[in-house]
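K.L.:
Below is the structure I would like to discuss, written out as structure tokens.
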Amino acid sequence: MEEYKVTVATGTSEYSGTNNYIYVTLVGENGQSERTILDNPGLDFCRGAVSRFISSYKVCSPAPLGPLLLVRLEKQRYWVEDNWFCRYVTVEPPGGGIALTFPCYRWLIGDVKVEIREGTAKRLCEDTSPQLLAHRKAELQERQTIYRWTAWASGIPKCIDAKTEADLHQDVRFDSEKRSDFEGSLHYKLAIRFGKSWDDLEDFKRCFWKLKSPIAEYCMEHWKEDWFFGYQCLNGSNPRMIQRCKELPGNFPVSGDMVQGSLAPRTTLDKELKAGNIYLIDYAIMDGVPTNVIRGKPQYIAAPLCLLYEHPDQGLIPIAIQLGQTPGLDTPIFLPNDPPLAWLLAKIWVRHSEFQVFQLLSHLLRTHLLVEVFCVATLRQLPAVHPVYKLLAPHLRYTLEINCRGRTQLVSADGIFKRVVSTGGEGLLVLSQREYKVLTYRSLQPCWDFQQRGATTLKDYFYREHSLMLWDAIHSFVSGMISVYYQCDSDVVEDPELQTWIKDIAEEGFVDVPTFGLSNELKNKAELVTLLSVAIFTSTAQHAATNNGQFDWCAWVPNTPCTMRHPTPTDKDAVTMEMIMDSLPDVSQTCLEMAITWHLGRPQPDAVPLGQYPEQYFTEPQAQEVIDRFRKELKDIEEHILSQNQGLELPYLFLLPSRIENSITI
């Protein structure tokens, strides 16, 4: 009789354990072991348990099994149904030797059989056993019935076929603690209601007493200052809009005389344009977007153009604002030397447009919805043993559920945006469709993006510096991992599962976007490395840059209002404080904006930082070495950012690696 020692690890989250019957069978090239019930007395299958700390199980076989291929786990009900989350199984061969690890990281639900493979990553061509090939095929067939594409709306990326998060498979759902925290926090904050306009800007402090942060308080003190407006264009929640202005747009007739007072001595607008010191933020995408109606009252939007100047002493400052795309008597150009309230209201309107663009386009579309395409394609086309599946899986955690919740609770016809945001309802979809039409794959690569926007030399552009460091670290990490499993370009070309995966991404996920520029085939290692780097960078660093600071910049609502209740001003001299207060969100809208940005932007209680992999999909030493190098590089980046920010009055820490989640979970 051959005797194998088996240990089993149960998940660490609440309700991961089970009191149901668990059986194991070892499957080798030469046969199968006895079907063995794992019934040692004790708490072997309670939350977080690893059976070797209690006692290993003995699994016997009448003859040597040869190389182990699979571990078959079975769960059967005992009295009541009790689901079980298995992390991994280890098997020590007869006579001792190196134990083999079989990663699982799956829920066993109902009376079910699950077969898991040893942890070594393998491409299809490396599997020669008929049993393993059949297992690989069956796994994908099952997944393709569970995870299906659907179109939530036309003109945006496809998504998972699930009407609500309850329709998702348990393997991609929130853990119990995450679910309780998310729902409890959201419902509590959305219960805050008041119902009238504010009387004065100081009144906004009345709902600023509990939910606040150091940056939010700093914002409250400095939001009217031009340098702070410019700083947010570089390092706020939407730092990807600013672009160098080589010549003024034809629909933005700013003259040199208009802005001369804002320029440094002995220079002109023409000189500064040629020197590359003039920048533009253009919200043309907002023009004509349908507006919301909240409690029977119409809301308003604008499509501003904002000209900025990198002043040698003051930094980046706004020097001209036009609140519409068509110049004219009713669309004046606002200037810093205008009446102070007129200039302030013009900046508020720009920041209001900023809220719409960063929430719906920079955040929702360009991170959440984009990464969901990778989620669905990976689950459908790559078996768990594939190296690319193992690489991506930790960076896709929780994304399907948070996106389902976003579609049903945030941007649905009766969601939070409809209640509080000026583009809620039809407008948010129109805005997303416009952005999707012009979205390009290259714009998701930060090095190319900064060059395309002419934003490579702006001073104090911390977002640019930190994101480029993180891109380089992620790209190096991905390159190292891919080189472990793909020795040459032909290995990529001849991997049928990988080619089916990219075809699913390009033709199913990113459908009807002719300018996107992603091929439906991978022709070499470099293309694969770049694509995977885009997926991981977007799900980690880019999401952190747009999501993590939203409460900081939006909590003081006049700085980034979610809606405007009065049309844009047409006469600079007619702007009064009463007009500003009539335009800004009312008490109820203010509280909701604070609540939702706090809820979505706060650190998550079960966050897994970038580069940490509690679920160990890779078991090979070569892969572990690459992960260790990645962690070392992230540690160096962390130390650099902390050193750079030491003593700064306004630190930029949103891209600190320890504060970046490994996936989009909120």
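Even glycines carry a Cβ here, placed using N, Cα and C.
Per TrEMBL, the features are:
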- G17, D82: Ca(2+) 1 binding site (BINDING)
- D39, N40: Ca(2+) 2 binding site (BINDING)
- H363, H368, H543, I666: Fe cation binding site (BINDING)
- 2-122: domain 'PLAT' (DOMAIN)
- 122-666: domain 'Lipoxygenase' (DOMAIN)
- W107: site 'Essential for stabilizing binding to COTL1' (SITE)
K.L.:
List the other residues in this chain whose Cβ sits within 8 Å of the Cβ centroid of the Fe cation site residues H363, H368, H543, I666, in sequence order.
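P.N.:
Going along the sequence, the neighbours come out as L364, T367, I402, T546, N547, L600, I664.
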K.L.:
Give the residue counts of the domain 'PLAT' (2-122) per reduced DSSP state, in the order helix, strand, coil.
P.N.:
3 helix, 62 strand, 56 coil
K.L.:
How big is the gap, in Å, between the Cα of I666 (Fe cation binding site) and that of W107 (site 'Essential for stabilizing binding to COTL1'), rounded to a whole number?
P.N.:
22
K.L.:
Roughly where does the domain 'Lipoxygenase' (122-666) sit in mean pLDDT, to the nearest integer?
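P.N.:
That stretch averages a pLDDT of 95.
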K.L.:
Provide, as an integer number of angstrom, the distance between the C-alpha atoms of D82 (Ca(2+) 1 binding site) and H543 (Fe cation binding site).
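P.N.:
Given the Cα positions, D82 (Ca(2+) 1 binding site) is 36 Å from H543 (Fe cation binding site).
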K.L.:
Counting other CB atoms within 10 A of each CB, which of the binding-site residues D39, D82 comes out lowest?
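P.N.:
D39, out of the binding-site residues D39, D82, has the fewest neighbouring Cβ atoms within 10 Å.
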K.L.:
In sequence order, what residues of the same chain, 6+ apart, have a Cβ less than 8 Å from the Cβ of H363 (Fe cation binding site)?
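P.N.:
Set apart from H363 (Fe cation binding site) by at least 6 residues yet with Cβ under 8 Å, we have S237, H543, T546, N547, Q550.
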K.L.:
Return only the integer: C-alpha distance in Å from W107 (site 'Essential for stabilizing binding to COTL1') to G17 (Ca(2+) 1 binding site).
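P.N.:
About 10 Å separates the two Cα atoms.
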K.L.:
Identify, in sequence order, the residues in the chain of H368 (Fe cation binding site) that are 6 or more apart from it along the sequence and have a CB within less than 8 Å of its CB; answer 'none' if there are none.
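P.N.:
Looking at Cβ-Cβ distances below 8 Å from H368 (Fe cation binding site), excluding near sequence neighbours, one finds T399, I402, N403, G406, H543, I664.
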K.L.:
Cα of G17 (Ca(2+) 1 binding site) to Cα of D39 (Ca(2+) 2 binding site): how many Å, rounded?
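P.N.:
Cα to Cα, G17 (Ca(2+) 1 binding site) and D39 (Ca(2+) 2 binding site) are separated by 14 Å.
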K.L.:
Ranked by the number of other Cβ atoms within 10 Å of their own Cβ, which of the recorded positions G17, W107, H543, I666 ranks first?
P.N.:
H543
